[in-house]
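What Swiss-Prot lists as region 'tRNA wybutosine-synthesizing protein 3 homolog' is 1-212. According to Swiss-Prot, the feature repeat 'Kelch 1' maps to 284-335. What Swiss-Prot records for 336-386 is repeat 'Kelch 2'. According to Swiss-Prot, the repeat 'Kelch 3' annotation covers 387-436. Among the features that Swiss-Prot reports, repeat 'Kelch 4' is placed at 437-486. The repeat 'Kelch 5' annotation in Swiss-Prot covers 488-535. Here Swiss-Prot flags 661-995 as region 'tRNA wybutosine-synthesizing protein 2 homolog'. Taken from Swiss-Prot, the feature S-adenosyl-L-methionine binding site applies to Lys828, Asp896, Asn897.
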Amino acid sequence: MDFEKRKAATLASIRSSVTDKSPKGFLDEPIIPLLETINHHPSYFTTSSCSGRISILSQPKPKSNDSTKKKARGGSWLYITHDPADSDLVISLLFPSKSNQIDPIDQPSELVFRFEPLIIAVECKDLGSAQFLVALAISAGFRESGITSCGDGKRVIIAIRCSIRMEVPIGDTEKLMVSPEYVKFLVDIANEKMDANRKRTDGFSVALASNGFKNPDENDVDEDDNYENLAANHDSSINNGNLYPGVQKELIPLEKLSIVGEPVEKLHLWGHSACTIDESDRKEVIVFGGFGGFGRHARRNESLLLNPSCGTLKLIAVNESPSARLGHTASMVGDFMFVIGGRADPLNILNDVWRLDISTGEWSSQRCVGSEFPPRHRHAAASVGTKVYIFGGLYNDKIVSSMHILDTKDLQWKEVEQQGQWPCARHSHAMVAYGSQSFMFGGYNGENVLNDLYSFDVQSCSWKLEVISGKWPHARFSHSMFVYKHTIGIIGGCPVSQNCQELTLLDLKHRLWRSVRLEFMNKELFVRSTASILGDDLIVIGGGAACYAFGTKFSEPVKINLVQSVTMSENHLPPQPEDVSLESNKNNADLKTETSLSQPWVIQLERKYAKFGKDILKSFGWLDLERKVYSNEKGLCICFPVTENFSELFHEKQLLGKDFERSEENNLTKGLSLKDISCSAALNLLKEHGAKKLINVAFEAKKVAKSPLQRMREDITSILKQKGLPEELLDELPQKWERLGDIVVVPATSFKDPTWSSINDEVWCAVSKSLSANRLARQGRVEPNGTRDSTLEILVGDNGWVNHRENGILYSFDATKCMFSWGNLSEKLRMGNMACENEVVVDLFAGIGYFVLPFLVRAKAKLVYACEWNPHAIEALRRNVEANSVSERCIILEGDNRITAPKGVADRVNLGLIPSSEGSWVTAIQALRPEGGILHVHGNVKDSDESSWGEHVTKTLSDIARAEGRSWEVTVEHIEKVKWYAPRIRHLVADVRCR
């Protein structure tokens with residue numbers, strides 16, 4: 001079958017109502033426009049795709065050697081979404097209430113939390129077309145894209161992909177090894193990756209449009225309706241799909257602060273506090289406490305002074321200070337800053353009060369009287385006059401809803417009696433003072449993320465649930481709030497998504513929500529950060545997230561111009577109705593959650609009125625660009641997705657306004673300027689043309705997904721029945737698998753019964769299709785010899801050579817002969833970020849170039865000696881230094897490094913062997929220059945022995961240095977926690993300096 005026939009058959013199957021062979025059974029909706037764009041080009045068509053997904057996979061544990069054979073339950077998706085994950089839903093699935101718990105099962109299954117980015121397989125007409133599309137994909141950020149199949153008589157297939165995936169074991173169905181808070185961190189990281197994945201996808205769409213690719217026009221109203229490529233459109237209410245309808249296309253820039261004085265890493269914090277000194281001769285931000293900081297990340301008790309205008313960061317020298325903590329609050333009262341509560345460690349929740357004298361820089365502990373103030377952290381505070389108001393927080397597992405007032409004049413606590421519209425218990429919320437009121441937004445109540453807004457009147461000591469017009473902010477916690485003139489701002493928070501990449505502003509004069517989008521520079525995570533006002537600038541310090549398998553991420557200090565932000569939010573507010581009155585919602589709780597409960601509405605118009613209707617929707621910011629325009633009633637009508645604001649305004653049975661009389665069609669559609677009509681007149685125009693408001697059918701028509709394992713089981717069951725073979729063979733189906741390049745690797749225990757050999761061809765074909773694999777292999781154990789050879793068996797495919805790209809580096813190796821270390825990604829990236837421009841590096845265990853290539857390609861080392869004794873790894877290493885164009889700076893030394901390694905030449909030595917590299921520590925000391933250098937010592941260490949391992953490394957290397965005649969001082973400067981190697985066994989790397 002030639003290319004055109006295969007393309008026609010594939011496109012016909014895509015448009016068919018029959019489910020396809022993907023786990024879902026149909027195309028992922030977010031990338032349908034992208035797939036249509038590719039398929040519309042005469043040289044390409046897509047064969048498989050995934051827009052990106054977050055999932056929790058339940059997979060049975062390996063069978064024990066017990067003689068009683070238990071039937072495998074099979075693996076399944078406990079949770080899967082192609083959108084940003086809902087942390088509350090994930091937690092409810094993993095930590096069900098007692099009433100929802102299921103009965104224990106005989107054989108527990110492992111649970112793995114995953115994120116997998118976009119991947120698209122595309123068949124190309126010829127090799128030239130393939131090379132062009134691969135280059136385009138790489139330029140858009142899909143750097144791991146490549147040609148997976150070509151040659152004489154073969155179809156030319158490429159894969160568009162990137163490697164921002166994550167996979168974290170979280171326990172099993174009997175016991176989870178993680179906490180709900182840690183699951184939230186995982187979800188936040190995955191959502192961040194999902195957002196990055198979608199931005200790359202949008203960028204790829206724009207790149208296609210800029211290079212001659214066009215969308216099919218089957219759903220287009222006119223040539224201007226290419227909604228996926230509207231990034232270049234100058235209509236202020238139209239954007240590239242990442243922004244909200246009716247919000248500005250322009251982005252508010254974040255200005256990174258250039259820090260001098262103390263290292264900027266001291267501001268790499270979260271859970272800290274910040275207050276401003278805004279005087280005529282002094283405009284600074286005081287930062288205290290938090291987690292992170294310079295060197296080893298830990299809870300801090302440093303007091304820092306930042307001058308944002310010049311970037312000067314100073315450490316306040318103090319005789320005494322509060323203990324190290326995070327999750328506390330800091331409030332300014334006159335010339336004093338009061339720090340209250342926080343968490344010193346998991347078992348030590350604080351309720352102490354400390355005061356910092358701004359003029360002298362001296363701390364003093366305050367002994368308070370009055371009502372008891374229970375310990376708490378993650379609470380919120382606001383100061384009005386001489387009093388500090390505290391609400392909520394967390395004490396161990398208890399979330400509190402109490403309100404306490406500290407009178408700083410007599411240091412007396414008072415608890416406020418609960419009455420009226422009292423907020424529910426919560427933590428990780430935010431609160432600010434405005435006049436004689438304090439305003440509180442969001443938080444987490446233990447079950448739900450909140451988006452309610454309360455005000456507290458300090459005179460009547462009463463709470464009020466506020467009702468505000470405009471687009472309500474998304475629910476969040478661990479965010480920040482600030483007050484600027486007559487505006488309250490909200491920034492950052494969890495869940496991390498594009499919704500938290502906007503600055504939400506509450507106009508208190510008009511009681512109206514507004515928002516502007518922020519131009520994030522480096523995936524800033526404003527989670528548990530601080531927001532401080534100095535003049536017209538918003539200073540955001542710190543914030544970040546942590547994942548034990550992937551390290552920590554902190555945000556750089558930035559500055560945002562609020563004059564520009566407020567002005568832009570006012571300019572881009574969608575027009576408000578002039579004479580359409582909306583009935584007030586009597587139920588405040590219903591109103592505040594309207595965004596989460598609203599239906600996905602569309603407006604249906606006859607095709608002949610579609611262009612006119614689209615212009616109205618665009619002009620008034622009512623067109624929802626996050627959803628797709630589609631045809632209805634056999635193409636006679638066009639359905640436009642509309643915003644929630646429009647859905648509230650538009651009522652088909654509402655009488656036409658008196659200011660607009662029914663007119664003839666020509667008068668309505670010709671010569672009419674949309675700039676000259678009001679909001680209500682525009683609504684009436686739509687009604688005149690027969691506009692109907694419908695639920696988005698395309699949005700709701702979702703099919704039940706089937707996992708690859710389900711597909712495989714069904715296909716193999718059918719084969720066994722046809723061949724008359726016993727169904728007990730299904731016990732040997734793989735419950736999990738890995739991917740090496742385009743090879744899918746199933747476990748060594750799969751398909752081991754000799755009976756399988758009689759139906760190999762049918763079985764391997766079915767497995768390959770169900771797993772979307774071009775090549776299929778069965779894992780063998782890594783040989784426990786010095787070369788750690790792989791025994792991978794290729795089941796489908798010609799050979800085991802694969803290409804893998806990560807951190808911009810290409811690794812090529814024969815998977816049947818060489819093992820590949822997936823878990824060292826963060827360490828490879830760390831080595832690549834070392835300053836090695838003028839250094840000579842010796843890698844004593846080079847392998848295929850795991851660390852050699854980062855040193856050469858990213859760290860720009862002057863020269864690297866690569867020692868390796870596995871001939872298969874050396875073959876791959878030679879290929880890799882050539883493929884990455886660094887062969888002239890790499891000397892490969894084959895053989896035992898104790899014999900081949902150079903002596904007295906290295907500024908840096910890498911010892912990347914686990915479980916222990918101690919056998920080559922003498923060689924490493926000998927390789928260093930006479931004046932010393934740095935050693936990166938790898939090892940597997942029991943978690944309870946980490947500190948003693950560091951001491952052992954220091955002492956042993958010191959003894960070796962003395963024995964070699966080196967009078968060096970040997971110190972461990974840092975211990976990097978790379979990953980968990982096994983339960984309670986950590987892969988560590990000690991950075992050791994010898995001088």
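For all residues, glycine too, the Cβ spot is worked out from N, Cα and C.
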Residue counts (helix, strand, coil, in that order) that DSSP gives for the repeat 'Kelch 1' (284-335): 0 helix, 26 strand, 26 coil
Largest separation between Cα atoms (Å) of residues that the record links to S-adenosyl-L-methionine, namely Lys828, Asp896, Asn897: 23
In the chain carrying Asp896 (S-adenosyl-L-methionine binding site), residues 6 or more apart in sequence that have Cβ under 8 angstroms from it: Trp869
Cβ atoms near Asn897 (S-adenosyl-L-methionine binding site) (within 10 Å, other residues, all chains): 25
Segment-segment contact (the repeat 'Kelch 5' (488-535); the repeat 'Kelch 2' (336-386)) at 3 or more Cβ pairs under 8 Å: no
Secondary structure tally of the repeat 'Kelch 2' (336-386) (DSSP, helix then strand then coil): 0 helix, 33 strand, 18 coil
Model confidence over the repeat 'Kelch 4' (437-486) (mean pLDDT, whole number): 91
Assigned element (helix, strand, coil) containing Asp896 (S-adenosyl-L-methionine binding site), judged by DSSP: coil
For Lys828 (S-adenosyl-L-methionine binding site), nearby residues of its own chain (Cβ under 8 Å, 6 or more apart in sequence): Glu806, Asn807, Ile809, Tyr850, Phe851, Pro854
Tally of DSSP helical, extended and coil residues in the repeat 'Kelch 4' (437-486): 0 helix, 28 strand, 22 coil
